[in-house]
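Undergrad: Heads up, here are the entries from TrEMBL:
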DOMAIN    25-167  domain 'Lactate/malate dehydrogenase N-terminal'
BINDING   GLY31, ALA32, GLY33, GLY34, GLY35, ILE36, GLY37, ASP57, ASN116, ILE139, SER140, ASN141, MET250  NAD(+) binding site
BINDING   ARG103, ARG109, ASN141, ARG175  substrate binding site
DOMAIN    169-336  domain 'Lactate/malate dehydrogenase C-terminal'
ACT_SITE  HIS199  active site, proton acceptor
Amino acid sequence: MLARSAVRAALTNSRSFSSSAARQTKVAVLGAGGGIGQPLSLLLKTNPLVTSLSLYDIRGAPGVAADVSHVDTASEVNGYPADQLDQALEGVEVVVIPAGVPRKPGMTRDDLFNTNASIVRDLAAAVARVSPQAHVLIISNPVNSTVPIVASVLEKAGVFDPRRLFGVTTLDVVRARRFLAGVTNNHPKDTGVTVVGGHSGKTIVPLLSQTAYGKGLDQETWSKLVYRIQFGGDEVVKAKDGAGSATLSMAYAGAKFTDALLRGLKGEKGVVTPTFVKSDLFADQGIDFFSSNVELGPNGVEKIHPLGPISAEEQKLLDECLPDLKKNIEKGKNFVAN
Ligand SMILES: NC(=O)c1ccc[n+]([C@@H]2O[C@H](COP(=O)([O-])OP(=O)(O)OC[C@H]3O[C@@H](n4cnc5c(N)ncnc54)[C@H](O)[C@@H]3O)[C@@H](O)[C@H]2O)c1
């Protein structure tokens with residue numbers, strides 16, 4: 001009797017051990033000392049799907065790590081200084097990259113290209129070298145170009161898997177949901193919006209006609225709302241008056257997307273969200289990266305959803321998006337090729 005219950009207990013223990021072991025997930029944040037990196041690290045520390053957090057920056061990551069590590073959740077936290085990038089990447093399954101400079105008033109995201117392109121390229125090279133199996137989430141702007149840069153670097157190193165590279169466009173989705181709730185007087189939980197295209201000005205295309213509260217808007221309200229979703233980032237840049245761009249809402253959005261990916265990786269079904277990935281949707285027009293609804297699963301990208309029915313106005317937005325997006329993507333690819 002006793003022996004049998006002991007065996008049963010041992011089996012139960014080993015089963016629960018192996019199932020929790022299967023969910024061990026080490027997440028790295030590169031740029032963890034910055035305006036986005038710090039609150040993002042804090043939010044990831046509170047995510048039970050993250051078991052180990054690896055914080056890297058050229059400035060200040062050990063301090064952020066020491067601070068965040070006191071939060072009373074189970075995950076362990078380690079901070080790495082500038083010369084320990086490889087150590088920071090060892091064994092990571094997910095790498096989130098908010099490293100780089102943010103905008104100042106009057107700047108577009110493309111104005112950041114010169115500085116951020118090389119930062120992202122060098123970090124991608126380290127990922128290719130140390131953790132080539134990792135899922136890589138790009139926050140650094142201009143996302144329309146930095147994602148193709150990372151893809152090209154990984155491709156050159158022979159380790160590119162398009163299912164594991166994501167441009168984080170979640171802030172556009174978060175803004176669209178919040179702003180639509182505001183103009184229609186509803187709760188944001190009821191005003192989810194699919195946002196497609198890219199992550200910059202006119203390349204951001206919200207598909208309001210696909211939502212219950214977005215499809216009945218009059219023309220003027222619709223136009224103002226679309227503009228606000230496309231250029232909402234400028235409101236923050238202007239209000240911060242030279243001190244940077246969105247950091248807190250972006251950290252929230254980055255943590256939200258990371259959580260969606262982690263849920264997909266551990267096998268949850270039906271995790272679908274827009275993200276900027278290598279995509280066939282407009283590849284026949286020479287645009288091989290595009291954000292649309294993507295189902296996330298154990299391998300990362302499981303399925304890229306088509307846009308679905310869109311209105312004539314949204315078709316116009318898309319027509320304006322595509323040429324800009326194409327240029328941004330080519331600029332990123334050329335940077336690595338040259
Ligand atoms: N995807 C989005 O929706 C979105 C939204 C807002 C901002 N952003 C972008 O995120 C980036 C970061 O913004 P922020 O406000 O946190 O800027 P920030 O200047 O506050 O922080 C950037 C951090 O990156 C670090 N860094 C620079 N070079 C590095 C390198 N080689 N390796 C590691 N770390 C490095 C800096 O030391 C700094 O701590 C910007 O490019 C910004 O445009 C993206």
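Cβ atoms are placed via backbone N, Cα and C, with glycine included.
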Undergrad: Taking the binding-site residues one at a time (ASN116, SER140, ASN141), which has its Cβ surrounded by the most other Cβ atoms within 10 Å?
TA: SER140
Undergrad: Given GLY31, GLY33, ASN141, ARG175, MET250 as the binding-site residues, which ones have a Cβ positioned under 6 Å from some atom of ligand 1?
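TA: The ones that qualify, in sequence order, are GLY31, GLY33, ASN141, MET250.
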Undergrad: Cβ within 8 angstroms of the Cβ centroid of ARG103, ARG109, ASN141, ARG175: which residues besides those meet this for the substrate site?
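TA: Leaving out the recorded residues gives PRO102, PRO142, HIS199, SER200, GLY233, VAL237, SER245, ALA246.
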Undergrad: Around the Cβ of ARG175 (substrate binding site), how many other Cβ atoms lie within 10 Å? Please give the count over every shown protein chain.
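TA: If we count other Cβ atoms within 10 Å of ARG175 (substrate binding site), we arrive at 25.
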Undergrad: Using a 10 Å radius around its CB, how many other CB atoms surround GLY35 (NAD(+) binding site)?
TA: 19
Undergrad: Say we define neighbours as other CB atoms within 10 Å of the CB. Which of the recorded positions ARG103, ARG109, HIS199 has the fewest?
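TA: If we count Cβ atoms within 10 Å for the recorded positions ARG103, ARG109, HIS199, the smallest count is at ARG103.
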Undergrad: Measuring CB to CB from GLY37 (NAD(+) binding site), give everything in the same chain under 8 Å that is also at least six residues away in sequence.
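TA: Looking at Cβ-Cβ distances below 8 Å from GLY37 (NAD(+) binding site), excluding near sequence neighbours, one finds VAL29, GLY31, LEU55, ASP57, VAL64, PRO98, ALA99.
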Undergrad: What same-chain residues, at least 6 away in sequence, bring their CB to under 8 Å of the CB of MET250 (NAD(+) binding site)?
TA: ILE36, LEU40, PRO98, ILE139, LEU171
Undergrad: Across all the protein chains here, work out how many other Cβ atoms are within 10 Å of the Cβ of GLY31 (NAD(+) binding site).
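TA: For GLY31 (NAD(+) binding site), the count of other Cβ atoms within 10 Å is 27.
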Undergrad: Just to verify a number: CA distance, the residue listed as 'active site, proton acceptor' to GLY33 (NAD(+) binding site), in angstrom, no decimals.
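TA: The residue listed as 'active site, proton acceptor' to GLY33 (NAD(+) binding site), Cα-Cα distance: 23 Å.
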Undergrad: Can you tell me how far the Cα of ARG175 (substrate binding site) sits from the Cα of SER140 (NAD(+) binding site), in Å?
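TA: Given the Cα positions, ARG175 (substrate binding site) is 18 Å from SER140 (NAD(+) binding site).
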Undergrad: Averaged over the domain 'Lactate/malate dehydrogenase C-terminal' (169-336), what pLDDT does the predicted model reach?
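TA: When the pLDDT values over the domain 'Lactate/malate dehydrogenase C-terminal' (169-336) are averaged, the result is 98.
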Undergrad: 10 Å Cβ neighbour count around GLY33 (NAD(+) binding site)?
TA: 22
